[in-house]
């Protein structure tokens with residue numbers, strides 16, 4: 001199985017980017033992982049929230065194939081403990097999915113078209129984080145999930 005994380009806009013903070021790169025490298029020992037950044041939409045100030053979501057949605061959907069399984073990182077998604085999340089990763093791997101695609105949307109969430117294509121929504125927390133920080137937190141949780149599956153000493157109960 002491959003895992004792809006799609007996010008809108010580049011990571012501006014160099015310190016965050018360094019940590020994202022570190023966990024991406026660590027994750028590559030367990031699974032093929034791609035972080036795909038969609039460029040910020042130009043002239044966003046001239047768009048309504050709905051128009052911005054629709055434009056971002058078109059770009060997101062252009063990055064997936066019909067066989068990809070799409071899961072959204074969404075504030076209204078289901079929350080998991082790290083162990084339960086690792087169990088979900090194992091189930092997805094066992095199911096024969098070729099590519100599992102997680103998406104971090106823009107500031108206003110996702111378009112209706114993106115929601116229609118999703119296989120689920122997960123939330124990292126009831127708290128709100130910047131979208132740039134969510135990238136780091138989520139990639140770290142992927143890494144943690146695989147260390148749990150391999151019984152490696154990264155995660156402590």
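Any Cβ shown, glycine's included, is placed from N, Cα and C.
Owing to the predicted nature of the structure, the values given are computational and were not obtained by experimental measurement.
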According to Swiss-Prot, which candidate in 57, 105, 106 joins 73, 124, 125, 126, 127, 128, 129 at the S-adenosyl-L-methionine site: 105
Whole-number Å value of the largest CA-CA distance among 73, 105, 124, 125, 126, 127, 128, 129, listed as S-adenosyl-L-methionine-binding: 16
Site of maximum Cβ density within 10 Å, from binding-site residues 73, 124, 127: 73
